[in-house]
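Down below is the structure, laid out as structure tokens.
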Ligand SMILES: *Cc1c(COP(=O)(O)O)cnc(C)c1O
């Protein structure tokens, strides 16, 4: 039977029935090691007892009230995020794209409130991904997401990644902000060098621009710090987060300094579902775990272990995997075979990985992954690379 769903995804022919930590289980009881974590969403793995408890307890009390009333769990989550970051205020949404929409609107409103409504343009970087709404596809600048959807939303200027001169040239009297992922996720785990982030901060300060960081994929412990920009010691004015922050419950947030948010007064922006009690209960539960002593150290240790062991896999299969990129538990393998073929072959080894741009596959295990699971994943990656390597040699003969 054909599917009744809009065919916007080429789905793998597998359906999972349940999950346990870093594992997903099909109805037939086949177990897959999940090194995709729902594209960096299931930060605490599947069916984490603390999250299940938080969600079910809240579900029995109250689901939704609208933002016309106070939501104490949201006040609490906002306070905790603010206390843990550069930010003074938080706006909750349901997704990464919505968090970015809030960030974009906030940056424009900041200048409008300062008497410069003509400053609405935002400079973004090639290879970026900021979501699939009309504004965020324009921000991401990828033609394959823009084509066919009518006039591109105005106000986004894109420059090549790492081209400082092009960046400086793109800044003009209408520029409001720069927007960047500290590590490009969909773009292929391309890390922005610390020097470049510092340079962006300096440019923003010099020209009165806001620095927006999209930490939708890199945030909430993924790199071994709460947010990836902490590694560089560079703080944004506005930051979006989503994916891992709800541990699988749809949740996004736009965090900002009070100064950057100066234009966002009552009625200037809104959302029906954003910040509802279910999402806030789960968001707080995720933070309980991620902010606990030693949790980020665990992420770092597992990331280092994974990277180290992968070094040996590359040595054995240099034609299949040529490079490891990334930090903590957001790693990318640059491939010499098509990443779609690698993803399918890994699936045959019962290992889930995620393709990305630049012919990379992403390894994004749940942050609670154990040493034994890291070792298991490395074995399965080694087997995957071995099989693809043998196929390559077969084809060459
Ligand atoms: C996934 C992602 C988004 C979009 O998030 P959605 O929840 O799919 O809207 C935006 N930015 C980055 C960096 C992402 O990885």
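Here, residue 1 is simply the first one shown, and the rest follow in order.
Including glycine, each Cβ sits where the backbone N, Cα and C put it.
Keep in mind that TrEMBL annotations are predicted by a computer and have not been checked by a curator.
Over all protein chains present, the Cβ of residue 129 (pyridoxal 5'-phosphate binding site) has 26 other Cβ atoms lying within 10 Å. If you look up TrEMBL, you'll see 96, 97, 129, 214, 215, 216, 217, 272 marked as pyridoxal 5'-phosphate binding site.
According to TrEMBL, the feature N(2)-acetyl-L-ornithine binding site maps to 132, 271. Residue density at residue 132 (N(2)-acetyl-L-ornithine binding site): 14 other Cβ atoms are found within 10 A of its Cβ, drawing on all protein chains shown.
Contacts of residue 243 (N6-(pyridoxal phosphate)lysine) defined by a Cβ separation under 8 A and a same-chain sequence distance of 6+ are given as 39, 40, 41, 43, 96, 216, 217, 219, 220, in order along the sequence. Positions annotated as N6-(pyridoxal phosphate)lysine by TrEMBL: 243.
Under 6 Å, Cβ to nearest atom of ligand 1: this is the test, and of the binding-site residues 216, 217, 271, 272 it is passed by 216, 217.
Under DSSP, residue 97 (pyridoxal 5'-phosphate binding site) is assigned to a helix (H, G or I) in the three-state scheme. Of all Cα pairs drawn from 96, 97, 129, 214, 215, 216, 217, 272, which the record names as binding pyridoxal 5'-phosphate, the longest spans 25 Å. Taking Cβ-Cβ distances under 8 Å and a sequence separation of 6 or more, the neighbours of residue 271 (N(2)-acetyl-L-ornithine binding site) in its chain are 67, 92, 93, 94, 98. Sequence-distant neighbours of residue 215 (pyridoxal 5'-phosphate binding site) (same chain, six or more apart, CB under 8 Å from its CB) are 181, 182, 227, 228, 229, 239, 240, 241, listed in sequence order.
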